[in-house]
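To start, the structure under review is shown below, and the notes come after it.
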Amino acid sequence: MGTQPARKLRNRVFPHPHNHRKEKPMANDQVPASKCPVMHGANTTGQNGNLNWWPNALNLDILHQHDRKTNPMDDGFNYAEAFQQLDLAAVKQDLHHLMTDSQSWWPADWGHYGGLMIRMAWHAAGTYRIADGRGGAATGNQRFAPLNSWPDNVNLDKARRLLWPIKKKYGNKLSWGDLIILAGTMAYESMGLKVYGFAGGREDIWHPEKDIYWGAEKEWLASSDHRYGSEDRESLENPLAAVQMGLIYVNPEGVDGHPDPLCTAQDVRTTFARMAMNDEETVALTAGGHTVGKCHGNSKAELIGPEPEGADVVEQGLGWHNQNGKGVGRETMSSGIEGAWTTHPTQWDNGYFYMLFNHEWELKKSPAGAWQWEPVNIKEEDKPVDVEDPNIRHNPIMTDADMAMIKDPIYRQISERFYREPDYFAEVFAKAWFKLTHRDLGPKSRYLGPDVPQEDLIWQDPIPPVDYTLSEGEIKELEQQILASGLTVSELVCTAWDSARTFRSSDYRGGANGARIRLEPQKNWPGNEPTRLAKVLAVLENIQANFAKPVSLADLIVLGGGAAIAKAALDGGIEVNVPFLPGRGDATQAMTDAESFTPLEPIHDGYRNWLKQDYAVSPEELLLERTQLMGLTAPEMTVLIGGMRVLGTNHGGTKHGVFTDRVGVLSNDFFVNLTDMAYQWRPAGNNLYEIGDRQTGEVKWTATKVDLVFGSNSILRSYAEVYAQDDNREKFVRDFVAAWTKVMNADRFDLPRG
């Protein structure tokens with residue numbers, strides 16, 4: 001939980017973001033508000049769009065984000081190459097200088113911006129959740145709604161404005177995503193912590209993400225019972241990792257604003273686990289985050305203006321204008337809680353645990369009316385000084401989440417060790433901070449810069465380096481051995497697909513590299529059909545063992561899928577080359593944190609026409625979810641579905657959607673028959689349909705909703721019609737191979753990106 005935590009804001013403090021702009025008098029030549037100029041025909045506010053008219057329509061927008069039309073950078077711009085030209089040492093020096101270069105428009109507490117910068121970085125990284133890999137700091141998304149206007153992010157707009165001169169100076173070589181995390185890390189370094197390291201590589205996006213589900217609430221900080229299915233505080237709705245809308249983790253005043261440290265401890269444990277933190281890391285991050293900086297609540301709610309997205313144009317993207325006195329310094333308003341945690345809030349020390357363990361604590365209200373814990377008795381010299389006048393001292397504070405660190409038995413035991421062993425605490429925190437700020441950056445192969453730690457950490461999903469090469473002749477020889485092994489096209493394609501489909505473009509985890517499909521837990525996932533998988537792996541392992549030179553099983557799995565596809569295309573009369581680039585390694589079980597891979601388990605896969613069970617979300621929506629996480633477009637999704645069906649890759653060998661009499665041949669039959677008006681569809685059970693001859697009624701095929709959506713949705717049908725055309729049979733094969741290759745290489749960060 002970050003310093004100066006703004007996660008406890010109530011609606012009484014910061015209202016729901018409406019349009020706060022007041023009506024301005026019109027000039028004589030202005031059109032009255034009740035009229036709309038003819039030239040304003042664009043739907044510029046998002047009102048009355050198609051989804052307003054048909055709210056249940058399938059929304060394909062999540063597949064069409066972050067394209068060239070929204071990106072101001074030149075074609076061919078490569079951020080990784082640009083970052084490698086950055087003078088990182090100079091940036092770090094500038095950040096160290098910034099920490100104590102207080103600006104009159106937003107003065108630094110005690111003359112040091114460290115606490116503010118840490119909170120900014122924390123709240124950027126802290127949105128990450130392991131369930132779907134979304135959120136986090138790797139895209140610089142804190143610049144955009146809703147995050148730039150969350151109640152928990154009050155006044156972080158000022159932190160980013162303070163960084164603007166540095167961003168402006170280093171330009172394209174330094175993304176906002178990298179700068180935000182580096183600023184937080186340098187803040188700790190400037191206050192005395194020996195940091196673990198820093199890696200660049202966060203490439204900025206240029207508009208808000210459309211795919212991230214932040215919750216169903218329509219009100220900031222709505223009661224947390226919206227997110228829990230029962231009284232059990234472990235039942236937080238998946239994939240969410242915050243207890244209320246607009247918070248990063250927990251409400252530090254207590255559950256729904258009601259102080260109870262033991263109840264809050266349950267929320268802390270659940271939310272931190274949702275981002276893959278264990279109990280020791282949780283205590284370290286909580287304590288380390290609150291060793292420096294302060295909370296701000298020395299104002300009244302009615303004096304605070306709207307958030308950035310609701311503020312007037314003259315605010316220029318800033319929000320929460322404070323009309324209380326100067327509105328800054330000791331009168332700053334952020335979370336509603338008021339005070340610092342430690343005696344020396346601008347230096348790294350063990351003061352947090354000293355405060356917790358050496359005082360009794362009682363509940364009080366801040367000037368803004370927020371619950372906070374204050375010491376019953378405290379020596380004057382142990383109190384932190386005022387942010388403006390060092391001759392004035394104030395009581396330190398603790399949030400309900402801080403009290404959980406000594407009230408929860410497990411947390412208390414960890415806290416006691418950290419108190420006894422400050423060096424150990426600093427070491428654990430430094431590594432936990434690195435994990436927090438790099439968890440969504442992907443494997444170590446994506447890390448950039450001279451400060452990357454040498455140590456391999458298990459949460460980075462390490463893969464051994466590859467020390468072999470394969471010639472074209474050797475690749476051909478391996479293909480021939482695989483095709484002559486007795487394995488079918490379906491078996492080879494299914495195994496390669498299952499190995500690669502775990503890739504998530506959100507946090508760059510999963511994929512075929514590493515061949516973790518042969519390890520726990522993946523080898524026993526029902527979606528991977530363990531019996532079929534074991535059969536295929538045994539054959540490929542035999543080929544691997546008897547080949548004349550080293551080759552990874554990861555490469556053989558992908559090569560086998562590609563060889564099978566080339567054969568299936570040739571059986572249909574089309575010769576095609578399925579690109580294959582060796583270089584994948586084989587991870588070991590010791591390199592694999594089995595528990596951390598559980599969220600990657602496919603419990604649905606429309607590409608293989610499979611659901612582990614019935615879900616409240618429709619099958620076609622689940623298909624979009626998987627497609628978006630895999631980084632695929634709607635046309636790529638369409639061509640892959642059509643190809644996978646005719647190749648006979650359905651889970652369990654079902655025939656739903658297999659609209660062909662030539663199973664195993666890569667053809668466009670799926671689209672030809674789907675769009676043929678000689679057939680008529682009718683329901684035949686739960687998520688099942690029959691296609692029959694329109695004249696005789698004879699049943700020809702069966703299908704699921706995932707199959708039929710490519711004929712019913714107007715956008716998807718337009719793609720299906722392209723691939724059904726007589727002149728696009730070869731195009732279908734080419735496009736299928738291109739999309740397939742993209743999936744197989746999604747986690748090959750060693751390859752050039754084009």
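The backbone N, Cα and C atoms fix where each Cβ goes, glycine too.
Worth saying up front: this structure is predicted, and the values here are computed from it rather than measured.
The range from 1-29, 320-348 that Swiss-Prot describes as region 'Disordered' is residues 1-29.
The number of other Cβ atoms within 10 Å of the Cβ belonging to HIS123 (active site, proton acceptor), over all protein chains shown, comes to 28. Of all Cβ atoms in the protein chains displayed, 32 besides its own lie within 10 Å of the Cβ of HIS290 (heme b binding site). Calculated from their C-alpha atoms, the gap between TRP106 (active site, tryptophan radical intermediate) and ARG119 (site 'Transition state stabilizer') amounts to 15 Å.
The separation of HIS290 (heme b binding site) from ARG119 (site 'Transition state stabilizer'), Cα to Cα, is 10 Å.
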